[in-house]
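Visitor: Checked TrEMBL, it gives:
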{"type": "DOMAIN", "residues": "B:58-405", "note": "domain 'Amidohydrolase-related'"}
{"type": "BINDING", "residues": "B:His65, B:His67, B:His213, B:Asp301", "note": "Zn(2+) binding site"}
{"type": "BINDING", "residues": "B:Glu94, B:Arg146, B:His186, B:Glu216, B:Asp301", "note": "substrate binding site"}
2 protein chains.
Amino acid sequence: MNRLWIENGIFVTMDEQQPVVKGHMVVENDRIIYIGEAAPQPEPEQAERLNGQGLLFMPGLINTHAHSAMSLLRGYSDDEALQVWLEQKMWPMEGRYTDEDAHWGNSLAALEMLKSGTTTFVDMYDRMPILAKVVEQSGLRGVLTRGVIGLCSPEEQTAKLEEAKQFAKEWNNQADGRIRTMLSPHAPYTCPPDYIERIVAAAHELDLPLHIHMSESAAEVQQNVNDYGTRPVEHLDKLGFFSRPSLVAHAVHLNDEEIALMAARGVAVSHNPASNLKLASGVARVPALLAAGVTVSLGTDSAASNNNLDVFDEIRLAALIHKGVSGDPTAVPAIEALRMGTVYGARAIWQEDQLGVLKSGMKADFIAIDIDQPHFYPQTDMISHLVYSGSGRDVKHVWIDGRQVVKSGTCLLLDEEKIKAESQRSFERLLGR
Amino acid sequence: MNRLWIENGIFVTMDEQQPVVKGHMVVENDRIIYIGEAAPQPEPEQAERLNGQGLLFMPGLINTHAHSAMSLLRGYSDDEALQVWLEQKMWPMEGRYTDEDAHWGNSLAALEMLKSGTTTFVDMYDRMPILAKVVEQSGLRGVLTRGVIGLCSPEEQTAKLEEAKQFAKEWNNQADGRIRTMLSPHAPYTCPPDYIERIVAAAHELDLPLHIHMSESAAEVQQNVNDYGTRPVEHLDKLGFFSRPSLVAHAVHLNDEEIALMAARGVAVSHNPASNLKLASGVARVPALLAAGVTVSLGTDSAASNNNLDVFDEIRLAALIHKGVSGDPTAVPAIEALRMGTVYGARAIWQEDQLGVLKSGMKADFIAIDIDQPHFYPQTDMISHLVYSGSGRDVKHVWIDGRQVVKSGTCLLLDEEKIKAESQRSFERLLGR
C-alpha cells in the first residue's frame, strides 16, 4: 500500500463543487482518497509526506490528438504550403522510418509530454506496438490507435484493418489499465466509404470508440462535397461512424447544421489550435461548438506541425484566439480553456469517471506547478495565471496512477540523455538514407 | 577592461551575412568584438572563458510596448468587455497606486523580462522616474516615456506635458546610456488635437521620438472618424505627428491607404498579438504591413492584458496567427517573427546601429538558451525551434551592455525574493485600500 499526503498546497481541482482548495490531498495507490482544507482525519498512516508550499497542484493535462513518432520531424519543414509540407517533406521522411526510428520518436514525445505536464494522450499512427511499449515503460496513460489510410488495394486495406484490430485487442487495458485503444480511419478523404463502414463494423465488433481527422481544411470539405455530395459530418453520419463513441480531430470547417448534428450524436472534438494556425487551416468555431454542448478537448497534433507538445500552449491559444477572431473578450474564458485541457479531455476519451478532476475516488493523475516565479505574481487568480502565463516548463512534479513519474523536472522512468542522443541520430539517419 | 570569450556555441545572429554561426564570440566591455567559426586570432588576453556547449546564443529580445507598473494587476481582471475591464477594474486600481506600488510593479516586470530574455523594453506610463531607477539598478535597457492623457483642464495638460518633458530631459542617456526617452500622447481618442500638436512641438524642441497607442479597436477608429472626420493615421499625420520618428502601438485596424501612408512616413509599429487577442481587439494586418515595408516589432502590452511579459510568446503568436487568419502558411515565416522580436525591434526604437544583431561592433546585449531539452530535439532548424518551441523559461543567461545580468536563471542585480513578496503585499494593499 502506497500513500502520499500532500500538505499546505494550492489545488486547482476542476471540480465545480470546490474549484480551488488550499490544504491537503491524500493519495492511496492509484487513487485520490481525500482532498480538503482541513487535515485528513484520522491522519493517514505510513504516508510519504510532501510539503506543497510554493506549488500548485492540478489534474494532469490530456492531449487528445498526437502523432508521437513524428517528433523526429520537428523543425524539418515549416512555413510551407500544406501539399509541399506533406508530399515533399513529411511523407518521404515517414516512408524511411524503421522501428527504431519510431521508438526514438515516440520516446522523445513521451519525454516532452511528461515534462510539460501531460499525463494522458491520444495517438494515431502506425507501428503502434512500439508506442505501446514506450507508454508502458514511461508511466504515461495513452489512448492508442493504429490509423489506417485506405487509398490502396483491397488486400492492403484488409491487412491494415486486421493490424489495427489486432493491436486494439492485444493492448486494450494493458499497462495496468493505462492503455486504451480505438480504431481510426485516417480521414474521410483518405478512406473510401466502404472501408470506413468496415472499420465502423469492426469497432462495433470489438466495442471500441473511433477517432478520425475531419474537416481540417476548407479544401478537404469541398472535396468531400464533390466526391460524395455531402459535407464530412453528414457523410460520416451516413456511414454509421457516429453510432460509436467518436472523437474527431480538428473540425475546423463546420456549418451550423454540422455542429447541431455533432451535438446530437455526442461527437467529441479535439481542437488543435497551434497546428491549425501553423498549417493555415483556419480557426475552428469553438465558441459555437461549446454553446451547442459539444465536448471540446485540446490536441497538439504532431511536433512537425506545432512544433511542440506543450498542452499549456494549446490552452492559452484556445483562450486567446477565439476572443480575437470573434471580437468577444468573454469568449472561451480562462476556466473554460483549462477545462478543455483537463476535464473535457477526459470526457472526450470517455474516462471522465476517473480522470480530469482532483476529487476523492478519481485516479491520481496530477501535476505540481512551481508558482514561486515572477510570472505567477501577484498570486491573485491562479486559474488566470495558469492559462495566460503558465507553461509546461513550470511543471515540477508529475504523478500518474499515483506513481511519481517526474520529480523536480526529471523523468524517473525514462533515460533522457539517451533519448535525446538517439533521436538526434535517428533524424540524421533519416536525412542521409 | 572586461573580456568574455564564448567558445563552442551556436549563435543565431540575425545578421543576414552569417545567420547561424557555430563557433566563437568575444565581448570587450559593452561591445561584441568578434564572432566567427574560427577561434579569434590572436587569442583574447585575460578573458573570462565560457563553454557554450548546449547553449544557443542570440540577441536579447526587444519588447516595444509595455506598461511595467501594471504587472501588479496581472490576473486581477480577465475575460471582460473592454470598458468593464478598463473603467471598473484597471482605472480604480491604478488610481490607488502609490510610488511604492509603482516601484514593486516595475521591479516585478523587470524581473520577469530579464529572466525571459528581454534586454530592451519600451515603457509608457506615469511615475516614470521610479521606473528609470529600476532600469538603472536592474541592468535593463529601456526607452521610457511618460504617457499623457489630455482629457483634463488646460492647466493639468500643461503640468503633465511639463512632467513628461522634464523626465525626458533628465533621463535621456542616463544609466550608462541604457535609458533613452520619448514623448507620448496616450492616444488620439484621449488627447485633443491641439494637445497632440503641443506634444509634437515639444518633441521637435527636445529632438525626441514619439510613441502613441493607435487604432487598437474598431470602435476607436470609428470614434476618430466621427469626431475629426478622418481615420487615426491621417488625423495624426495632419497634426504633424509623423514629422518625428514615431512608434505606434497596436495598429490593428488599418486600411490600405493608412498602411501606405505609414510606410511613406517611416512609422514603426509595435504589434501586440496576445493583448489584441485577449482584449478581442482583433488581428493586425501584419503581412500587409511587412509587405509595404513598415517596420513591425513586438510588444507584450501590460501583464494585465497579456498576462505575461515573455516576448517568445509574442514571437510564436506572430508566426502562428497570421497564417491561420490569412489562410497562407507562408505568412510571417519563423525567421521574420524572430526578426520582429530582435532586429526589427531595434529598428523600431532607432537603435538598429547597435542592437538586435550579434555582430562585431554591436552592443553586447545577448541571451543564452538552454537547448539541451526535449522540445529542441532533434536539433535541426534552430530558428524554427526558437520560434515554434522556445520560451522565456529556456533562457539561462542574459548579458546587457556586456554585463551579465542573469546567470543560470537568477537575476544578479535584483532581489527576486523581496520583489515577489513586496509585489504581493502591494497588490493586497491596493485591494484593501
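Positions of Cβ are set from backbone N, Cα and C atoms, glycine also.
All annotation found in TrEMBL is predicted automatically rather than curated by experts.
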Visitor: Could you tell me the C-alpha distance between B:His186 (substrate binding site) and B:His213 (Zn(2+) binding site) in angstrom, no decimals?
Guide: 6
Visitor: Which are the residues of the chain, B:His65, B:His67, B:His213, B:Asp301 excluded, whose CB is within 8 A of where the CB atoms of the Zn(2+) site average out, their centroid?
Guide: B:Ala66, B:Met124, B:Ala249, B:His250, B:Ser270, B:Asn272, B:Ser275, B:Gly299, B:Ser302
Visitor: Reduce the DSSP letter at B:His65 (Zn(2+) binding site) to three states and note it down.
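Guide: B:His65 (Zn(2+) binding site) sits in a strand per DSSP.
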Visitor: Using Cβ-Cβ distances, find the residues under 8 Å from B:His67 (Zn(2+) binding site) that belong to the same chain and are at least 6 apart in sequence, listing them in sequence order.
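Guide: Listed in sequence order, they are B:Asp123, B:Met124, B:Tyr125, B:Asp301, B:Ser302, B:Ala304.
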Visitor: Can you tell which of B:His65, B:Arg146, B:His186, B:His213 has the least company, meaning the fewest other C-beta atoms within 10 angstroms of its C-beta, among these binding-site residues?
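Guide: Across B:His65, B:Arg146, B:His186, B:His213, these binding-site residues, the one with fewest Cβ atoms within 10 Å is B:His186.
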Visitor: Sorry to bug you, but what's the C-alpha spacing from B:His213 (Zn(2+) binding site) to B:Arg146 (substrate binding site), rounded to the closest Å?
Guide: 13
Visitor: Between the Cα atoms of B:Glu94 (substrate binding site) and B:His65 (Zn(2+) binding site), what distance do you get, rounded to the nearest Å?
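Guide: Checking the Cα atoms of B:Glu94 (substrate binding site) and B:His65 (Zn(2+) binding site) gives a distance of 18 Å.
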Visitor: Starting from the Cβ of B:Asp301 (Zn(2+) binding site), draw a 10 Å sphere and report how many other Cβ atoms land inside it.
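Guide: Other Cβ atoms within 10 Å of B:Asp301 (Zn(2+) binding site): 27.
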Visitor: Do you know the mean pLDDT across the domain 'Amidohydrolase-related' (B:58-405)?
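Guide: Overall, the domain 'Amidohydrolase-related' (B:58-405) comes to a mean pLDDT of 97.
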Visitor: Just to verify: the residue among B:Glu94, B:Glu216 with the fewest other Cβ atoms within 10 Å, which of the binding-site residues is it?
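Guide: Counting other Cβ atoms within 10 Å of each of the binding-site residues B:Glu94, B:Glu216 gives the minimum at B:Glu94.
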Visitor: Looking only at B:Glu94, B:Arg146, B:His186, B:Glu216, B:Asp301, which the record lists for substrate, tell me the maximum pairwise CA distance in angstrom.
Guide: 21
Visitor: Looking only at C-alpha atoms, tell me how far B:Glu216 (substrate binding site) is from B:His65 (Zn(2+) binding site), rounded to the nearest Å.
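Guide: Cα of B:Glu216 (substrate binding site) to Cα of B:His65 (Zn(2+) binding site) measures 13 Å after rounding.
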Visitor: Secondary structure at B:His213 (Zn(2+) binding site) (DSSP, helix/strand/coil)?
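Guide: Reduced to three states, the DSSP call for B:His213 (Zn(2+) binding site) is strand.
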